[in-house]
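Taken from TrEMBL as is:
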TRANSMEM  A:69-89  transmembrane segment
TRANSMEM  A:101-122  transmembrane segment
TRANSMEM  A:128-148  transmembrane segment
TRANSMEM  A:204-225  transmembrane segment
TRANSMEM  A:245-274  transmembrane segment
TRANSMEM  A:286-304  transmembrane segment
TRANSMEM  A:316-335  transmembrane segment
Amino acid sequence: MIGIVPSLSRTSASLLALVVLLVALWLGAAIGETSIPMGVVAKTVANRLWDAGYGLDALDEGIIWNYRVSRAIVAACCGSALALSGVVLQSLLRNPLADPYILGISAGASTGAVGVAVLGIGAGLMTLPAGAFVGAILAFGLVSLLAMRAGRGHGAIILAGVAGSQLFNALTSLIVTKAANAEQARAIMFWLLGNLSGVRWPDVWLAVPVAVVGLIVCLWHARALDAFTFGSESAASLGIPVRRVYVVLIGTTAMMTAAMVSIVGSIGFVGLVIPHVSRMIVGVRHGLLLPASALIGAVFMIAADIVSRVVIPGQVLPIGVVTALVGAPAFAVILSQSRTVR
Amino acid sequence: MKLSACNVSWSTGGVSILRDVSLDVVAGEFLGIVGPNGSGKTSLMSLLAGLRRPRSGRVLLDGQSVDKLGRKEIARRIALVEQQAETSERISARQAVELGRTPHLGPFTPWSARDDDIVDEAIRNVGMAQLTARMWHTLSGGERQRLHIARALAQEPQILLLDEPTNHLDIGHQIGLLHLVRQQKLTAVAALHDLNHAAMFCDRVALMSGGRIAALGRPYEVLTEERIRTVFGLDVDVEHEGEGRCHIRYRAPGAPTAVRPMLKRIS
Ligand SMILES: Nc1ncnc2c1ncn2[C@@H]1O[C@H](COP(=O)(O)OP(=O)(O)OP(=O)(O)O)[C@@H](O)[C@H]1O
Ligand SMILES: [Mg+2]
């Protein structure tokens with residue numbers, strides 16, 4: 001059994017994916033503390049995009065357009081980007097446990113973003129996402145170095161990642177306690193747990209290009225990622241310029257993670273679990289696995305965001321809490337299944 | 001298509017592994033590389049495949065330095081079957097062979113019917129047609145090895161580099177596989193452990209010892225009793241057969257030399 005994907009042509013599969021994504025976004029905009037009928041959502045979007053001129057409650061329209069739509073779009077981008085990062089890292093490092101959160105890339109990005117926001121490092125020159133990118137690259141560099149020192153075993157990189165995460169989280173706490181005032185500190189701590197409440201349209205203009213470029217770069221390398229099945233030497237003998245592929249793809253992963261962390265904070269388990277779920281559905285070939293992971297990641301994140309808003313009335317749960325609550329048990333199931341397979 | 005190493009040396013971690021190795025692989029020939037564990041066979045293979053750069057000297061493919069060629073260009077002409085290559089991915093036997101098409105496909109070139117034909121042919125060639133749907137982790141060591149070779153054939157190379165291709169194979173498949181390689185219209189270089197396989201199938205043999213080529217030539221010229229004793233520390237009897245072929249009879253350590261004439265008489 002290679003997967004339970006129905007044999008669809010490429011175009012119809014892409015169309016289906018687009019429809020699924022649009023429906024998820026639509027639901028994401030409609031459901032919330034106050035549920036708004038789907039029709040109103042559609043009319044709002046029509047009003048804003050094409051000046052359709054439907055008469056709508058200005059408050060509803062404002063909530064939908066200014067908060068919910070942008071939020072749903074960013075959630076989708078974030079889910080895709082993290083899932084893609086997970087697929088790429090798992091393939092390149094040949095490790096089913098790899099993902100940006102576990103490897104400390106997210107923690108490094110947080111430290112970078114906090115460094116810029118609180119300490120004003122590179123003030124004027126560096127934006128928050130740029131700071132996050134530098135932090136992400138530094139963290140991955142440090143973790144790989146540590147892993148190489150610890151030996152090349154399967155567990156080494158994960159252990160190094162755990163150490164790296166702890167280190168960068170500690171650094172973040174240090175920066176926050178030392179330099180931030182009480183209000184800033186509270187806001188940052190809430191953001192660190194993963195939070196979409198602050199998302200507005202400007203964030204969309206960062207999230208969408210990053211996710212789309214990330215997806216294209218990954219798809220461009222789909223065959224190269226397949227070629228890593230038997231390791232990097234084997235990939236090289238199949239004509240893959242291994243070092244260049246590493247640099248481009250790790251860079252892309254860091255970029256996607258950094259951008260998402262700078263917008264919504266670090267969110268765990270999405271990058272880890274979604275690739276495994278996608279593999280069960282479409283198989284291990286990256287030409288299919290990458291788009292499937294991007295779609296499933298996007299839909300999952302929109303759903304998690306909806307849950308985070310409605311599960312406790314009057315309260316918004318950090319989305320990182322929701323993904324962990326769903327992701328941890330899902331991951332346990334995957335782990336125990338993979339044990340019986342091998 | 002000619003592959004050659006000119007005065008190639010390679011070292012890693014301050015230890016010199018290959019020293020001043022020179023050899024030519026002539027188009028269409030089957031060159032065997034034999035030598036004890038750690039003598040540098042695998043290292044030489046990866047230099048020939050352009051996976052590593054020599055510290056000094058050059059590896060030339062049709063007179064062109066492989067350093068100057070792109071990875072993809074090399075992979076369209078040279079396929080390598082590694083000594084060990086494993087995966088924990090849940091891929092099927094056929095998918096493993098399909099990877100061989102990688103150097104012929106661009107990032108977005110669609111998979112074609114021709115690619116399918118080439119993959120089918122490669123799988124049939126190694127006698128794995130009935131197992132294509134099986135998952136990799138359910139296959140035996142020998143079956144995996146044959147699929148690796150099918151993958152290399154699907155690469156449609158002009159030169160096939162095989163690092164201990166008969167690993168894990170039963171004797172029937174060992175002979176079958178070497179015969180198969182011989183039958184391809186290919187230049188082949190294979191690291192082999194069984195000296196008799198080298199003697200049976202190879203046009204020429206390179207004997208490696210301590211990172212150097214101790215001897216290079218026709219099997220009966222290279223595989224002499226003295227050389228095998230100095231390089232492998234083993235007493236053997238070499239029997240010469242017709243067409244310049246030879247056969248090596250291994251002797252248990254400590255067995256008296258006097259057995260030899262008696263054996264000859266019996267046979
Ligand atoms: N990357 C490396 N780092 C350190 N030493 C290495 C490395 N690669 C090879 N060596 C050493 O170089 C020597 C030659 O290794 P190589 O794998 O080429 O031998 P081989 O002839 O293929 O042996 P075998 O018959 O066991 O496969 C060995 O002593 C090995 O330990
Ligand atoms: Mg070897």
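Cβ coordinates come from backbone N, Cα and C, glycine included.
Using a Cβ-Cβ cut-off under 8 Å and counting only residues 6 or more beyond its ends in the same chain, the transmembrane segment (A:316-335) has close neighbours at 75, 190, 193-197, 264-270, 272-273, 276-277, 300-301, 304-305, 307-309.
Looking at A:69-89, A:128-148, A:204-225, A:286-304, the range that has the most CB pairs within less than 8 A of the transmembrane segment (A:101-122) turns out to be A:128-148. Long-range contacts of the transmembrane segment (A:128-148) within its own chain (CB-CB distance under 8 A, at least 6 residues past either end) are made by residues 100, 103-113, 115-117, 121-122, 156-157, 159-161, 163-164, 167-168, 206, 250-251, 254-255, 257-259, 261-263. Note on the transmembrane segment (A:204-225): residues 70, 73-74, 76-78, 80-81, 84-85, 87-88, 91-92, 129, 235, 240, 245, 248-249, 252, 255-256, 259-260, 262-263, 285-287, 290-291, 294 of its chain, located 6 or more positions outside it, place their CB under 8 angstroms from a CB of the stretch. Long-range contacts of the transmembrane segment (A:286-304) within its own chain (CB-CB distance under 8 A, at least 6 residues past either end) are made by residues 3, 5, 14, 17, 20-21, 24-25, 27-28, 72, 75-84, 86-87, 91, 211, 215, 218-219, 221-223, 225-226, 270, 274-275, 277-279, 319, 322-323, 326.
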